[in-house]
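Below: the structure, in structure tokens.
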Ligand code: 5RP
């Protein structure tokens, strides 16, 4: 199977996981990226069995709406049983690096609200140690240089993602060569830099279930 087929297979595994719990009142949190897109397309086949979705990006909202799936503002939703999203890296503690698609802040917000965060990825995303993928950091535009200098003090090499403006009107710094020891601590340290909106480490709120598509089948990791 190629990488796209693995992404589609793991998206189907997420559908199979959530499908028995869905009721006509269920609202599902939906992530952003190519794996999440496969999930949306498959979810559309079960439209009559849940109420709607909360989207983690404008792109995801548009795709959901194209399928006729109602999209709710998170503020009008009191209960989100599942959040399903991809990742750029995942370790065996189900800590993640996300934000390759620049949607990290809304993704982190929806993940925080959801009772169960299901991460879906092809097997290449599983790593022993996080950090080979440059860590995305969403930054208020006027703070870009200040935040970059602070990130250098933490040992990283921040690179401005040229031409990208997030759905929240901010910019992204991709931090290369970071030594990620204890991920929850580094996540908080970076978030404490004035001007940072959030960073792509999902360690304080890791996934609850990690589904990985491999050529040997779906691997399931839980916390
Ligand atoms: C977007 C993300 C994505 O989940 C991550 O980049 C993985 O994307 P893909 O499923 O296309 O490999 O965090 O901000």
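We number each residue from 1, going along the chain as drawn.
Cβ atoms are placed via backbone N, Cα and C, with glycine included.
The active site, proton acceptor feature in TrEMBL is assigned to 107. Residues or ranges marked as substrate binding site by TrEMBL: 32, 33, 34, 35, 85, 86, 87, 88, 98, 99, 100, 101, 125.
The structure, with features from TrEMBL marked on it.
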{"residue": "32", "record": "substrate binding site", "contacts (Cβ under 8 Å, 6+ apart)": "56, 57, 59, 60, 85, 86, 101, 103, 106, 107"}
{"residue": "34", "record": "substrate binding site", "contacts (Cβ under 8 Å, 6+ apart)": "4, 7, 86"}
{"residue": "87", "record": "substrate binding site", "contacts (Cβ under 8 Å, 6+ apart)": "96, 97, 98, 119, 121, 125, 202, 207"}
{"residue": "100", "record": "substrate binding site", "contacts (Cβ under 8 Å, 6+ apart)": "33, 88, 133, 136"}
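In this structure, 32, 34, 98 are the binding-site residues from 32, 34, 98, 125 whose C-beta falls under 6 Å of some atom of ligand 1.
The substrate site, placed at the center of the C-beta atoms of 32, 33, 34, 35, 85, 86, 87, 88, 98, 99, 100, 101, 125, has further neighbours from the same chain whose C-beta lies within 8 angstroms: 31, 36, 103, 121.
Among the residues 32, 33, 34, 35, 85, 86, 87, 88, 98, 99, 100, 101, 125 said to bind substrate, no two Cα atoms are farther apart than 16 Å. Around residue 85 (substrate binding site), a 10 Å sphere centred on its CB holds 29 further CB atoms from the protein chains shown. Comparing the binding-site residues 98, 125 on other C-beta atoms within 10 angstroms of each C-beta gives the minimum for 125. The Cβ neighbour count for residue 107 (active site, proton acceptor), using a 10 Å radius over every protein chain in view, is 31.
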